[in-house]
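Notes follow the structure.
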Amino acid sequence: MASSQVGDMVNGNAEPTRHLAKFPPSLWGDRFTSFTLDKQLWDKYGNEIEVLKEQVRSMVVAGGRKAAEQINLINVLERLGVSYHFEKEIEEQLEQLFAKFEDNEDYDLFTIALHFRIFRQHGYKMSCDVFNKFRDSNGEFKETVSNDVRGMLSLYEATYLKIRGEGFLDEAHAFTIAQLESLVGGPHLSSDLSEQVMHALKQSIHRGFPRLEAKHFISFYEKDAARNETLLRLAKLDFNQLQLSHREELCHIFRWWKELDLISKVPYARDRAVECFFWSTCAYYEPQHSVGRAVLTKIVLLLSVTDDTYDAYGTYDELKLYTNAVQRWDASAMDELPDYMKTLYRALLNVYDEVERDLAKQGRAYGVHHSKEAFKEIVRSYEIEAEWFKEGYVASFEEYMKNALVTSTGRLHTTSCFMGLEADVATTEAFEWILTKPKMVAASGAIGRLVDDVMSNDEEQERGHVATGLDCYMKQHGVSKQEAIVELYKMIENAWRDINEEMLKPTAISMKLLIHVLNLSRISDVVYKYVDGYTHPEIIKDHVISLFEDPIPM
């Protein structure tokens with residue numbers, strides 16, 4: 001992804017012409033430099049949370065509740081963002097509920113669709129046939145469905161769990177979107193329900209950032225006349241306590257980044273410490289993953305600057321030197337680099353050394369080698385794109401995607417994310433699984449790459465950039481830009497289908513690992529949905545503030 005440049009000089013006196021990207025600066029100044037955790041408030045939250053957790057745990061395991069009531073309780077716990085406290089109990093309940101499920105029960109559309117979504121989210125392959133009773137003899141939706149707003153909203157959310165070959169869910173997706181859009185703001189919806197529908201159409205549950213979606217749902221749930229005050233109280237306390245933890249972690253990361261002072265030496269690069277921490281918090285938000293969030297943030301930051309070096313600054317000759325240095329991964333390779341690259345290379349080696357030391361204390365350093373190898377692979381693929389740009393070469397779409405699945409960083413992000421998990425979860429076998437190039441990791445990478453290609457195409461081509469997947473597809477198939485975008489979005493949807501299918505039991509590896517690959521995929525949907533929100537951080541600024549600064553009123 002090298003930007004346009006003239007005069008490949010490394011050691012000559014003349015500075016080569018560089019076509020800089022002129023990325024927007026950081027939005028945050030010193031906003032996150034200091035933060036003092038209120039220990040008294042933390043303890044107050046924690047003490048009440050422990051009491052409420054036991055009350056809720058008793059609710060989850062209590063007998064005598066109808067299946068529909070139990071599945072609704074599980075849904076509320078998940079949407080409130082507190083289900084991670086009760087994972088074992090919820091899995092036991094779902095196993096029993098799925099084994100006993102009878103589709104001849106007189107369930108309405110809301111309840112059937114809710115069962116479908118919850119079961120699929122947890123790896124149980126419920127058949128689409130459960131929706132047949134809502135279709136007429138011609139296969140069309142019955143008129144009663146169009147009048148059931150809650151049912152349509154539930155079905156809409158369920159369609160995001162589709163896998164390949166489920167044409168009905170594609171039809172249901174298009175149908176529910178059209179119906180719900182026609183009802184928003186109309187006289188047939190209460191303002192509260194209309195607000196829920198509008199949010200769902202903007203961001204689905206399955207593809208959303210769990211912590212942000214929990215905060216949204218809490219605001220809806222507290223207006224629900226049927227709300228459970230214990231659940232609501234626990235959700236608010238849990239969100240606010242975890243927000244304090246995240247804010248403290250962000251402060252440490254932000255100060256570390258300022259002290260590293262890399263951006264002052266490579267000012268062409270995007271300064272995105274806060275956004276990278278936001279990214280890492282999407283990968284895993286739970287309190288036990290604080291080390292993982294720090295590790296992943298640091299690696300993503302270094303990758304971001306490396307990407308910008310290949311994409312928007314380095315000359316081809318400089319980039320070849322840097323690629324070779326990264327393959328050697330040795331401080332002595334620094335001597336061959338221009339000064340600005342020495343700074344970046346030194347930071348890369350030091351950060352990985354620091355990460356390895358931190359993880360070694362917990363017996364988890366074995367994943368660092370895999371992360372380094374993934375970083376080396378990405379840099380090799382960056383150089384391939386730099387060569388293509390230098391030669392004006394437009395690859396076939398297939399050739400482009402083969403390389404793009406590396407530069408999409410799916411392997412590096414997954415490996416680096418696994419490094420931050422508990423040793424009994426992210427075992428050596430988990431890292432070996434990544435080396436097999438599993439379908440789920442490839443699909444996650446494809447989503448990120450193709451969405452980014454569509455959203456950043458105009459801006460990148462304006463400044464000079466290697467042909468993107470959009471350009472390659474247009475040239476190979478002789479189609480317009482809009483036609484190519486339609487085809488790329490079909491590929492993105494198929495990649496989501498693959499992710500959903502890989503999460504159905506029996507899974508290749510533990511669901512405790514796969515959920516983080518899913519979370520990494522969700523980042524693409526949240527950050528790149530309408531525009532490149534990483535390059536243009538004002539797009540996700542409200543998300544950052546909501547997650548790290550604004551507590552929920554108690």
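Glycine is treated like the rest: Cβ placed from N, Cα and C.
Annotated (2E,6E)-farnesyl diphosphate binding in Swiss-Prot involves ASP307, ASP311, ARG449, ASP452 plus, out of the candidates ARG270, ARG328, ARG346, the residue ARG270. Long-range contacts of the motif 'DDXXD motif' (307-311) within the same chain: residues 1-3, 21, 23, 266, 268-270, 319, 322, 341, 344, 379, 382-383, 385-386, 465, each at least 6 residues beyond the stretch ends and with a Cβ under 8 Å from a Cβ of the stretch. Distance noted between the C-alpha atoms of SER456 (Mg(2+) 3 binding site) and ASP307 ((2E,6E)-farnesyl diphosphate binding site) is 14 Å.
Look at ARG270 ((2E,6E)-farnesyl diphosphate binding site): DSSP puts it in coil. For the motif 'DDXXD motif' (307-311), the model gives a mean pLDDT of 96.
Listed in sequence order, the residues of the same chain lying 6 or more apart from ARG270 ((2E,6E)-farnesyl diphosphate binding site) and placing their CB within less than 8 Å of its CB are PHE23, SER304, VAL305, ASP308, TYR534, THR535. Working note on the binding-site residues ASP307, ASP452: by count of other C-beta atoms within 10 Å of each C-beta, ASP452 ranks first.
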